[in-house]
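Peer 1: Sequence annotations record features per position, and here TrEMBL assigns domain 'FAD/NAD(P)-binding' to 13-332. The FAD binding site annotation in TrEMBL covers LYS60, THR152, GLY153, SER154, ASP317. What TrEMBL records for GLY189, ALA190, GLY191, VAL192, ILE193, GLY194, CYS195, GLU196, GLY276 is NAD(+) binding site. Per TrEMBL, the feature domain 'Pyridine nucleotide-disulphide oxidoreductase dimerisation' maps to 351-462.
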Amino acid sequence: MIGVKCMARKYHYDVLVIGAGPGGEGAAMAAAKAGKRVGVIENRQGVGGACVHKGTIPSKSLRHVVKQIIRHKISSLFRTTGDAHIFSYPKVLAEALRVVPRYVDLHTDFYTRNRATIIVGEACFVDAHTVSVKLVDGAKEQITAEHIVVATGSRPYHPADIDFDHARVYDSDTILDMKHTPRHIIIYGAGVIGCEYASIFSGLGIKVDLINSREHLLTFLDDEICDALSYHLRDMGVTVRHGEEYESLEATDRGVTLRLKSGKRIHGDALLWSNGRTGNTDSLKLDAIGLEADGRGQIHVNDRYQTSVENIYAVGDVIGWPSLASASYDQGRAAATNILGQESRFVSDAPTGIYTLPEISSIGQTENELTAAKIPYEVGRAFFKNTARAQISGEKVGVLKILFHADSLEILGIHCFGAEAAEIIHIGQAIMNQAGEANSIAYFVNTTFNYPTMAEAYRTAALDGLNRVKRI
Ligand SMILES: Cc1cc2nc3c(=O)[nH]c(=O)nc-3n(C[C@H](O)[C@H](O)[C@H](O)COP(=O)(O)OP(=O)(O)OC[C@H]3O[C@@H](n4cnc5c(N)ncnc54)[C@H](O)[C@@H]3O)c2cc1C
Ligand SMILES: NC(=O)c1ccc[n+]([C@@H]2O[C@H](COP(=O)([O-])OP(=O)(O)OC[C@H]3O[C@@H](n4cnc5c(N)ncnc54)[C@H](O)[C@@H]3O)[C@@H](O)[C@H]2O)c1
């Protein structure tokens, strides 16, 4: 009987996932829950991907510890003890990284409980249904599957002329191994990673030079939020240099010197390079299945997360935009849903959550986009300093901005800057995602919220906006 069963099985797995980051986990869990035989190949010891070992989780945990230190420093209660606490970067880092094994254990359990087999090794394609895995001991094994999901993620982009082996030159992976506390760090690349680390280091009292190749920080944000970020980074002591381009880097035992095309020379104790990422496709042997990655190592997919090879899907950072853990997990679920033959969602509406100090979050259109599209919109604003909750917590920096259609009152965009912005945005997102007239700014004045909460900011912003269009 067992023999008959085995013969009926053409492949080892129904679904084989390459990469156990958020994208791979989303795909593996959704397929396993539907009763599919799932295998997951991961080249790291421990599930979670770059997200858990090098990206989202360590950086957010680091920020959390730094925030605790700042609170401690500014609290009159603790200040009166007279303790002058110096927190070295390695010490703060060690505290922050404690979360990683806890997270790995928790998520390993998810795979185990759902009977998804984890194979530790490096995968590459043999053909559209066969993957070769180089196991930890060097042995090779071939694994077959009906469907394959590529969720191999990304890594920091390394320009050829920078020596990343130098002890003073870091990327967003190796910064988690830095063994000293620089007095002055240069961050090249003022994207999300650069801005978040600028907040972390300045929060620790480290002098930061943040070099931006564009004219403004995070140009995809609403201008007002972008300006607020620039102001607060400078307020924390970060020197932000816009419109600058790297020419060369000199790293010695004594420090680093970054030469810019403008002729400026910036000296520091260490450099963090945070200028873009590359998809992990180079070792996959995509040519064996007739696929090709683009210049940034990314794979093209359709709106079902399917590559040009019918049974092969790709999700997460390896497909490029939006390159978020949040979106990657949902893309993985969507790919699995497609494999199951069910209808799925193309993930196009992920909110932005940027964990600078203070944090930023937004969803929907910006003022510039609405103006360009000639949509008659109005703005409702609430300043955090005017809410009871912010008065109590002392976190008074921040604004919530609701953009809405001046006639229909439909919410078109929400932009938030300040403590817990990434949480606060979801209140508005829930209303914004309602169909038809249910998506209305009026919701926030017709609903009673808990008090004191930051939901109050929605009511204040809605009243402000409705007053402007004389609808109240
Ligand atoms: C510093 C930093 C901070 C971030 N902060 C946030 C944030 O706050 N919020 C947010 O939403 N996103 C954040 N991100 C982005 C987020 O980490 C990524 O979008 C997410 O990790 C992508 O998930 P993934 O599953 O596609 O890939 P990954 O998490 O990169 O996982 C892919 C896994 O596949 C493995 N792999 C690669 N090739 C092979 C192979 N050939 N065989 C076997 N295994 C392989 C990799 O080693 C890796 O473990 C941050 C990223 C960085 C770098
Ligand atoms: N809180 C979050 O959601 C969060 C936090 C950190 C990182 N991330 C993700 O990690 C990814 C990488 O972040 P990052 O800061 O390294 O990169 P980024 O994409 O934000 O850009 C970093 C810098 O590289 C430059 N750049 C980006 N793409 C370029 C290109 N094609 N050509 C020339 N210059 C380019 C930008 O001008 C910017 O100065 C982002 O896509 C982001 O989604 C998300």
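Keep in mind that glycine also has a Cβ here, set from the backbone N, Cα and C atoms.
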Peer 1: Near ligand 2, which of the binding-site residues LYS60, GLY153, GLY189 are found, taking a Cβ distance under 6 A to any of its atoms?
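Peer 2: Listed by sequence, the hits are GLY189.
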Peer 1: What whole-number value in Å do you get for the largest C-alpha pair distance within GLY189, ALA190, GLY191, VAL192, ILE193, GLY194, CYS195, GLU196, GLY276, the residues recorded as binding NAD(+)?
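Peer 2: Value for the max Cα separation, rounded to a whole number: 14 Å.
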Peer 1: Would you count the other CB atoms within 10 A of the CB of SER154 (FAD binding site), including those on all shown protein chains?
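Peer 2: A count of 24.
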Peer 1: Among LYS60, THR152, GLY153, SER154, ASP317, the annotated FAD contacts, find the widest CA pair distance and round it to a whole Å.
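Peer 2: In whole numbers, the farthest two Cα atoms are 22 Å apart.
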Peer 1: Going by C-alpha distance, which of the binding-site residues GLY191, ILE193, CYS195, GLY276 is nearest to ASP317 (FAD binding site)?
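Peer 2: Result for ASP317 (FAD binding site): the nearest of the binding-site residues is GLY276.
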Peer 1: Would you find the one among the binding-site residues GLY153, GLY189, GLY191, GLY276 whose Cβ has the most company, meaning other Cβ atoms within 10 Å?
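Peer 2: That would be GLY153, with the highest Cβ count within 10 Å.
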Peer 1: Can you give me the same-chain residues 6 or more apart in sequence from CYS195 (NAD(+) binding site) with a CB-CB distance under 8 Å?
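Peer 2: Expected: LEU210, LEU217, LEU218, LEU229, LEU233, ILE354, THR356.
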Peer 1: Relative to the Cα of SER154 (FAD binding site), which of the binding-site residues GLY189, GLY191, ILE193, GLY276 has the closest Cα?
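Peer 2: The answer is GLY276.
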Peer 1: Would you mind reading off the Cα separation of ILE193 (NAD(+) binding site) from LYS60 (FAD binding site), to the nearest angstrom?
Peer 2: 11
Peer 1: Counting by DSSP, what is the helix, strand and coil composition of the domain 'Pyridine nucleotide-disulphide oxidoreductase dimerisation' (351-462)?
Peer 2: 43 helix, 31 strand, 38 coil
Peer 1: Between the binding-site residues LYS60, THR152, GLY153, which lies closest to GLY276 (NAD(+) binding site), Cα to Cα?
Peer 2: GLY153
Peer 1: What's the number of neighbouring CB atoms sitting within 10 A of the CB on ASP317 (FAD binding site)?
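Peer 2: Excluding its own Cβ, ASP317 (FAD binding site) sees 32 Cβ atoms within 10 Å.
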Peer 1: Over the domain 'Pyridine nucleotide-disulphide oxidoreductase dimerisation' (351-462), what does the predicted model average in pLDDT?
Peer 2: 96
